[in-house]
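Following: one structure in structure tokens, then a few remarks.
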Amino acid sequence: MGQLFRITGFLSYVTMLFLNAFVDLGHKIVIQNTLFKTYDGEAQILLTAIVNAFILLPFVLLFTPSGFIADRFPKNRVMRTTAWGAIGLTLGITLCYYQGWFWPAFGMTLLLAAQSAFYSPAKYGYIKELVGKESLAAANGWVQATTSSAILAGIFFFSVLFERALAGTAGLLDPDAIMRLVAPLGWVLVFCSVIELLLAYRLPQVSPQSPLSFDWHQYRSGRYLVRNWRAAWDNEVIWLSIVGLSVFWAISQVILAAFPAFAKESLGETNTVVIQGMLACAGVGVILGSVIAGRVSRNHIETGLIPLGAIGVAATLFLVPGLDSVWAHGLNFLLLGVLGGFFLVPLNALIQFHAGEAGLGRVLAANNFIQNLTMLAFLGLTVAAAYVGIDGHVLMLALAVVALLGAVYTLYKLPQSLVRFILARAISTRYRLNVIGLKNMPAQGGVLMLGNHVSWVDWAMVQLASPRPVRFVMERWIYERWYLRWFLDFFGVVPISRGSSRQAIQTVSTLLDAGQVVCLFPEGTLSKNGQLSEFKRGFELAARAAKSGVILPFYQRGLWGSRFSYASDKLKSNRREGRMRDVIVAFGPTLPLDASAERVKQAVFELSVTSWRTYVETLPTLPLAWLRTVKRDPGALAVIDSIGTSLTNRRLLTAVLLFAGRMRRLVPEPAVGILLPASSAGAIANLAGLLCGKRVVNLNYTASAESLRAGVEKAGIRHIVTADRFLAKLDQRGIDPRSVLPGVTLHAMESMRAEFGLLRAFSALAIATLLPVGMLHALFCRAGRPDDTAAILFSSGSEGAPKGVELTHRNIMANVRQISDVLNTEREDVVLSNLPLFHAFGLTATTFLPLLEGIPMVCHPDPTDAVGGAKAVARYRVTVLCSTSTFLRLYVRNRHVHPLMLQSLRILVAGAERLSPEVRESFALKFHKAILEGYGATETTPVASVNVPDALETDTWKIQSGSRLGTVGMPLPGTSFRVVDPVSLESLPPGEDGLILIGGVQVMKGYLGDPEKTADAVVELDGTRWYKTGDKGHLDADGFLSIVDRYSRFAKLGGEMISLSAVEEQVRKALEQDDLEIAAVNLPDERKGERILLLTTESIDPDALRRRMMEQGANPLSIPSELREVAEIPKLGSGKTDFGALRRLAMAG
């Protein structure tokens, strides 16, 4: 609800509504109470009915011009003008009060109602323009609650002051005398009208002026009346909604007119405050019911409330004649109001939703006309009943019978809605639905809904999210199950048999032409990995066979990991956060019926970003998420060092609390440097830094002294946490951080640990054991927001100076969840953590992922030590290994790494650099394990896509493809790729090479202290932030991405673009040496513009190379013009080629 009040003008708008209703009701209460004090019996009922008729009559007579004005002019201007009118009218009313002119004041009720008749269509039409379709139901809840609050406040305020003004008067007073006694109340009306006018000038104009014109001849002839009536009549939903509202308010008017006399007769009550108080209970109930209905209808329209409310209203009306106490009537009216709120909110929202933008004013004017005509008719019948002397008890029973007939009709028209509501309430005990993009749902016409399919209850969530009934297409073998068929028939499920494609096409196209909403899941099966599967093309034929309609893409997030999905038990356990599970259904902009499967799937991918963006708003910071994981299973194994040290969650938390306490005192700056390898010490240092609210900066100890110094200065680091043992190893490699970082203090973890003492250690252990998550977080975790920077990672610098990439808590949390979802992590999983912590792949995928998901991680500090890594895999039964092509090559080449050592691996992912085909093939040949290639960048936290294992669908014996050779997979959930023209950024069709953009919740906050580079690297398109990768590639029809090369790694020879990576592969193939260490570099050339230099660590005969490449049909331009032998090819710490150093080496000659 709070989000509504963040909309500019919404608070002013609802305050205006309150004041307008308060003024209208205030004058009516004064007149009505005067009648109550001076008349009895039939005369009182008759005059009270006339007062109510005065309020209703203008809405009938001014039905057409009020609707025209609301459509012709900006609605905020209409409300402003009518607010001026209210000031004039309240001044006139105040004059009547002071002069004791009762009957002129009585007549002013008609003029005040005329002002409201012009105000009303603009008031209700403005809601949709101000808040949009998604928040219609919630906004209507506030509108209804505000109006009811104003009525309630007006009843008590004016009734109490009315009684106080008359206190002490002896005998009966005439109406004119009462007017003079209550005259000061007129100034209250004037004051409220002035405030209303001031607020009207604060409303933003959200719709332009329309070029409509008014024809008085058509008005006098009744043509406008017929046209505006048809605006409501032609749409069944609008018409039935108006009828329902009309009957409810007509019954209410009869109660307002007849109940005071009924109460005076049956209860003997003569105090107007008590009488109005009983009626006011209904107003309180409407407030409560409207607020509840708004909450239940969060971001969608819950039509199931309509039959529930109708049945309840009828039941409470039947109780009225039999009650004999003020309290009983008050409670009954309260319940009537609550159920009335249930009824009113969705009906008003349905009218606004289904009315077109251009004709909304006419529809709302028609709504006013029909409602007020119905109320007038009911009041006329009430007057007639009073005239012939019908008893009040009989009149109340007659109202109950009318309400009962209405409830029966509502059940007849909306049986699905009631069942859906009951189903929704059952589901809401475990699932909380959030709908995004409801404005994209067409209000009428055929709609073909297409989206992802991850669970057995997808249909329920889609139906609950849609304000229109949805017909689902289902496999006949599921439909034929006897225990499901009656239920599926009730919801209008469309069964389709395999092999009957022509019949299926005809059925779907017929439903679309009939204006119905049809939903099918184009994957044709439930996802086995949380990813989108291949979109079958059957829907294309059905859509193109239809004569009218649109395609509405949608994406569901939150059901993968539920008990109704194919997720692993471990993932189901991890995603069970509290009692409620958040489910998001996002609707995208409509597509034409001729949209291809590729276009629809791309739209669904991009909707996944939208839904995940909403989901990550609910995620905690990294330390809070980790604390929850630890306390869920304190005794579980958390970290094992390959040298044998192991820590449970409890012991790890104890260590982190101790080091965090020490770090707070040692490091006053907001950023702390960490110089450690993948290890338990590295994990402790990072967690302790985050617990202190620091930005952790894992430093690249393999970088040059200049790069290391520049990174430290840029991040504002004055203190670095390291270990003496690790510094000694660096020293053996000729690396001395102390000498290159003057002015920076290095803190060895061994020294920090020596200061703890036994008592402090036991205290920390007791705290870790006994305190719950909330207290631990409150006491030891520095306050931070999910959007704060959690880590700064310096990019690999493979093409230049490293840039400081700021990753927020939300970035890392999101990427961890994305990776875990697609890998479908299992209870038996163990992760090998041997990638450097200064590398995004190592920090996120092999450190934070196991820590946050509760998966044991085995740390091995040196990724180049293939034998040591393989021993760790074998000893601790590691199941998940993330590495790079360079490091995996070491496993293949080392004869001491036996295939049995890697037997336990379930998933093997290669990222950070392009996977060499030779490495993939030789690894599979030696270890019988498939390497799944992934893709990403430091700027995307880093994982953006990954191939996942294929899955067998045992019902159909078809393969659900999760990987495709030569690609880097499909984007992770919550991620999307676009391949665009590098200049115009226009999207390119599948199969065409272009610049790769990555959009998703894991896209970085920005480059540290460099807004210009951030603006150059991240572009916003269609409301989503996209990272420009600098890579060239293409998407295939199913959304799998293929990388060609870096744009910077192309040579332009004779006007033709030659990929340097392709040159390297062709050279290896020609020489039949897959593991040959070579690197191609483009250098300036006066004749061809550029030439290709090949650097190699081995001697190669240039003539033999040229001959073999020509024999294999290589492009002559791709044959290197020069070969140069070097001692080694420059590498980064991650194993990737250092292209910056490579170019310097080439230029040095």
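The first residue you see is number 1, and the count goes up from there.
Here the Cβ of each residue, glycine as well, is placed from N, Cα and C on the backbone.
Feature list (source: TrEMBL):
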type: TRANSMEM; residues: 7-23; note: transmembrane segment
type: TRANSMEM; residues: 43-65; note: transmembrane segment
type: TRANSMEM; residues: 77-95; note: transmembrane segment
type: TRANSMEM; residues: 101-120; note: transmembrane segment
type: TRANSMEM; residues: 141-161; note: transmembrane segment
type: TRANSMEM; residues: 181-201; note: transmembrane segment
type: TRANSMEM; residues: 237-262; note: transmembrane segment
type: TRANSMEM; residues: 274-293; note: transmembrane segment
type: TRANSMEM; residues: 305-323; note: transmembrane segment
type: TRANSMEM; residues: 363-388; note: transmembrane segment
type: TRANSMEM; residues: 394-412; note: transmembrane segment
type: DOMAIN; residues: 447-559; note: domain 'Phospholipid/glycerol acyltransferase'
type: TRANSMEM; residues: 758-780; note: transmembrane segment
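Same-chain residues lying 6 or more positions outside the transmembrane segment (7-23) and placing a CB less than 8 Å from one of its CB atoms are 79, 83, 86, 90, 112, 116, 119, 123, 126, 130-131, 139, 142-143, 146-147, 149-151, 153-154, 157, 189, 192-193, 195-196, 199-200, 202-204. The stretch in closest packing with the transmembrane segment (181-201), judged by the count of Cβ pairs under 8 Å and taken from 77-95, 237-262, 305-323, 758-780, is 77-95.
In terms of C-beta pairs under 8 Å, the stretch of 77-95, 141-161, 394-412 lying closest in packing to the transmembrane segment (274-293) is 141-161.
Looking at which of 141-161, 237-262, 305-323, 394-412, 758-780 has the most CB pairs under 8 Å to the transmembrane segment (363-388), the answer is the stretch 237-262. If you look at the transmembrane segment (394-412), the same-chain residues 6 or more away from its ends with a CB under 8 A from one of its CBs are 244, 247, 251, 254-255, 258, 262, 306-307, 310-311, 313-314, 317-318, 320-321, 382, 385, 418. Mean predicted confidence for the domain 'Phospholipid/glycerol acyltransferase' (447-559): the pLDDT average there is 81.
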